[in-house]
Amino acid sequence: MSLNPDLAAYLQLVEAGRSAGKVLPMHALEADEARRQFEESSALIAGKADEPDCISDLSLTTRDGHTLPVRLYRPPQDDPALAGAALLYLHGGGYVVGSLDSHDTLCWNLAQDAGVPVIAVGYRLAPQWRFPTASDDALDAWRWLVEQAEALGIDAQRLAVVGDSVGGSLATILANQLAAQRELAAPRLQVMIYPVTDASCRRPSVQRYGSGYLLEAQTLEWFYQQYATVPADRLDPRFSPLLGSVASNSAPALMLIAECDPLHDQGVAYARHLEQAGVAVQLAVIPGVTHDFMRMGSIIEEADEGLVMVVEALQQHL
């Protein structure tokens, strides 16, 4: 399958900038500069949410006393069939880049199209905060959401967790932790959008799509190195969920995978891993697109198609 032509044209522009020395690959940058450039490119490919009256900035306190930013997106019109339902969103960015702002449009579109509130959390980033900080922050965010549900007008029994890239990793790690611990209300649905599930090895799709398809193999490795405190961290299920056991009562899963993504093979492998544990899985491989396609609504139609799949899964399970 060939690349979507509009996406291919965008990648040609990216490559032209690199060849001219105007843009460096992310793995050649310091973390702060990588974040700045990621935010700039996010504004170009995704745009900006246009309903500020429906968006509120909040905060939560983690187990170690750190304050995390939270953004609440309320839909302009609720879906009566999903009264009280909501979702926690965990953004992507390799544990190093990404923010509430970089995923603002995607979260707003989810809230608007699904007709449910979306709560996005800005977990701490590497290398300043290394493994397992991000997964701890995700669990703390879930606890906060459950505890604040009534005050927010949300039903803690009608929640989903959604994330893209490493946010998808955090989403499934969280869903599995909650299913195993049985301490807090667990999500009714976990949605993983091109997640990282195995940082321990290189699968064939890394060779096929690790250069020239937006997410570079060298950048992926750089992300892993920035987040891991020691190399063995990459074998921990909170880093590589494919390497851990799965609770059979984990939430049903929707997984969206890009065909032309170095993470393709590990995503497919993780879907099978969940199925073998008895978890219901809907796997969709989107042809002709790369990693991060869900944030490319200003470039390709597949972003909207993926959004429809997520909304339909929310309607089915919540």
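Each residue, glycine too, has its Cβ placed from N, Cα and C.
Taken from Swiss-Prot, the feature active site applies to S165 (among others), supported by similarity to another entry. Using a 10 Å Cβ-Cβ cutoff, S165 (active site) registers 27 neighbours. In the three-state DSSP assignment, the secondary structure recorded for S165 (active site) is coil.
D261 (active site) falls outside any helix or strand according to DSSP and counts as coil. Under a cutoff of 8 A between CB atoms, and with a sequence separation of 6+ in the same chain, the neighbours of D261 (active site) are Y194, S205, Y209, Y213, L215, G267, V289, T290, H291. Per Swiss-Prot, active site is recorded for D261 (among others), and the stated evidence type is similarity to another entry.
Annotation note: H291 (active site) sits in a coil segment as assigned by DSSP. Per Swiss-Prot, active site is recorded for H291 (among others).
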C-beta crowding around H291 (active site), within 10 angstroms: 24
